[in-house]
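If you scroll down you'll find the structure; I have some questions about it.
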Amino acid sequence: MVMKKIIMTNFNCDNCGDCVKACMEKNKVGRIAIMEKDGKYIPIVCQHCASAPCKEVCPVSAIEHKDGYVYLNEDVCIGCGLCALACPFGAILMEDKAYKCILCNGDEPACVKACSKRCLELVDVNELIFAKRDKSLDLFSKMSLPTQKSDNSLISKITIDAKVKP
């Protein structure tokens, strides 16, 4: 199963609002927010958590997992706001009801398409995990192994620092 998420790929967001406008045009209501933190702007979208706190607190079961994604049934939602409070990312927006990213129902996400700074990207979660793993393995492979004679190896530094000095 291919699971996709929208992630922020750089910190070039200038709060132009193009992603929010595109989302509103496509979905009738904005499902993305832009947060400002220390002079940087960060687009906030649902991360479709595997163990979604928003789903757990919904008193009317308006939120469900399906095919690896978190869906909110706006027709069932009563607008209590508990899901918005429970979301660790602040990705559920409240008006009369709760609204969250639905990844444009499988189409290319409007926010990703509209971002002129290329801050947002739709990624395959598995590819992202494997890319991070490969990067870590590459870094480890460049470290000196304990059997190699090198004062620069990570193991050498740890053992030298750990020795008791007279």
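Glycine too: its Cβ is placed from the backbone N, Cα and C atoms.
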Have a look through CYS87, CYS104, CYS111, CYS115 and flag the one Swiss-Prot assigns to the [4Fe-4S] cluster 3 site that CYS46, CYS49, CYS54 belong to.
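According to Swiss-Prot, the candidate sharing the [4Fe-4S] cluster 3 site with CYS46, CYS49, CYS54 is CYS87.
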Of the binding-site residues CYS16, CYS54, CYS58, CYS77, CYS80, which sits closest to CYS111 ([4Fe-4S] cluster 2 binding site) by Cα distance?
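Minimum Cα distance from CYS111 ([4Fe-4S] cluster 2 binding site) across CYS16, CYS54, CYS58, CYS77, CYS80 lands on CYS16.
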Taking DSSP three-state, what's CYS115 ([4Fe-4S] cluster 1 binding site) in: helix, strand or coil?
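Note: CYS115 ([4Fe-4S] cluster 1 binding site) is coil by DSSP, not helix or strand.
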Which of these binding-site residues has the least crowded Cβ, counting other Cβ atoms within 10 Å: CYS46, CYS80, CYS83, CYS101?
CYS80
Please report the number of other Cβ atoms within 10 Å of the Cβ of CYS19 ([4Fe-4S] cluster 1 binding site).
28
Between CYS83 ([4Fe-4S] cluster 4 binding site) and CYS101 ([4Fe-4S] cluster 2 binding site), how far is it from one CA atom to the other, in Å?
13
Can you figure out which of CYS87, CYS101, CYS104 (the binding-site residues) comes closest in space to CYS13 ([4Fe-4S] cluster 1 binding site), comparing Cα atoms?
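Nearest by Cα distance to CYS13 ([4Fe-4S] cluster 1 binding site): CYS101.
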